[in-house]
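Structure first, then comments.
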Amino acid sequence: MWKDFITSGGRSTLEDPDFLRLSIMNVMAGAGCVAFLLFLVLDSTGSFGWSTLRIATDLLGIALTLGVIVGLRAGAPLGVMAKLSHLALFVLLLLLAVARGESVLAVTIPLIYPAPAYLLLDSVYRASIGTALMVLCLYAVILTNTGGFFEDMVAVLDGALSITLAMAFQAAVMALYLRSRQQSIAWLKSLKDTLAFQSAHDPLTGLQNRYTFDEVISREMRRRSDDRLFAFLMLDIDSFKAYNDTFGHPEGDELLQRLAKAVQGLFNRAEDHVFRLGGEEFGIVFRPRDRSEAALMADRLLEVIESMEVPSPGGPHRHITASAGLLCRAPGPGPDSETIYRLADQAMYRAKETGRARWVEANDEKRKNDGTH
């Protein structure tokens, strides 16, 4: 029940950076509502003497605190609610100091302002301005002797100095805390983004990896909503083992990086996805208008790879080539990523078996051979 209250029905969790602000708003609003209800009962019964201003302050306090709780429950934007909560806090604390001016301790009530202000506004600059304004307003309350609780100038100066020191100390501590918290959150976000990128991309080429491939295929199969095809082109560098054995693994890594850039240069639309699936295997998910366009892109890719003019130590070709398998599907629900991978992989190895440096379409196993598909 407590957790449900401070999170406004589960709007946030401990891992959420806004959890602190949300819980503070609910706790302060709840405590404030109870306090103002108690004040209203006491003021209505004349326990503190009758005062229209005090009763009006109590009613306003109840309305504002309940409004914060209800607004957060209703899903109001957290940033907006934080600013409104801060404004309500500022106004109510000043009204309490003025309305209960017959008590010497009343002027100390607003001293709680800095801590929640810094946390609610999440800004050192804005909260510092708010603290300075609160100090000036309290000076006005003291100097005009609004509540009649100071009898001489010595008491006025002493009160002003006490307020200044108390507020300045709180503001300094909260500013340091908030700055440190913001830096920690920024560092954690950066670390999270870095880890997310590393988990989704191949460290050598920077391409998306097999894990991301599964996610992309699943998403693409669900969202096929236009007339274009879904196409997956899987390719494998021919004689790559021989290349590694002849020139060494560093040269092999450089070849993979060059090929990755070449593939990205050809498939460079925002909706294209290029993957390194493992070893010398690469994959491309793209959306051609028809099978003819898909075939054209497959042809161009093999030509681009051969035009890199990387020497081939084995096989009938002078330069490094690649074999590929192409799978095309009409819009709508389709197989899972494992099935798509398997079909394209089978087509790719059929291309290798029939001479390499060509591609085969997985759907009907048509081969690229002497310009005929």
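Any Cβ shown, glycine's included, is placed from N, Cα and C.
Source: prediction; values computed, not measured.
The domain 'GGDEF' annotation in TrEMBL covers 228-364.
For the transmembrane segment (20-41), the list of distant contacts is 5-8, 11-12, 54-55, 57-59, 61-62, 64-66, 68-69, 72, 78, 81-82, 85, 89, 92, 116, 119-120, 122: same-chain residues at least six beyond its ends, Cβ to Cβ under 8 Å. TrEMBL lists 20-41 (among others) with the feature transmembrane segment.
Non-local neighbours of the transmembrane segment (53-75) in the same chain are 8-9, 11, 22, 25-26, 28-30, 32-33, 35-37, 39-40, 43-44, 81, 84-85, 88, 92, 95-96, 98-100; each lies 6+ residues outside the stretch with a CB under 8 Å from one of its CB atoms. Summarising the annotation, TrEMBL assigns transmembrane segment to 53-75 (among others).
Here TrEMBL flags 87-112 (among others) as transmembrane segment.
Sequence annotations record features per position, and here TrEMBL assigns transmembrane segment to 124-142 (among others).
Proximity of distant same-chain residues to the transmembrane segment (154-178), defined by a Cβ-Cβ separation under 8 Å and at least 6 residues beyond the stretch ends, is recorded for 107, 111, 113-115, 117-119, 122-124, 127-128, 131, 134-135, 138-139, 142-143, 145. Annotation source TrEMBL lists transmembrane segment at 154-178 (among others).
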For the transmembrane segment (124-142), sequence-distant contacts whose Cβ falls under 8 Å of one of its Cβ atoms, 6 or more beyond its ends:
86, 90, 93-94, 97-98, 101, 107, 110, 113-114, 117-118, 150, 156, 159-160, 163-164, 167, 170-171, 174-175, 178-179
How many of the residues that make up the domain 'GGDEF' (228-364) does DSSP mark as helix, as strand and as coil?
60 helix, 33 strand, 44 coil
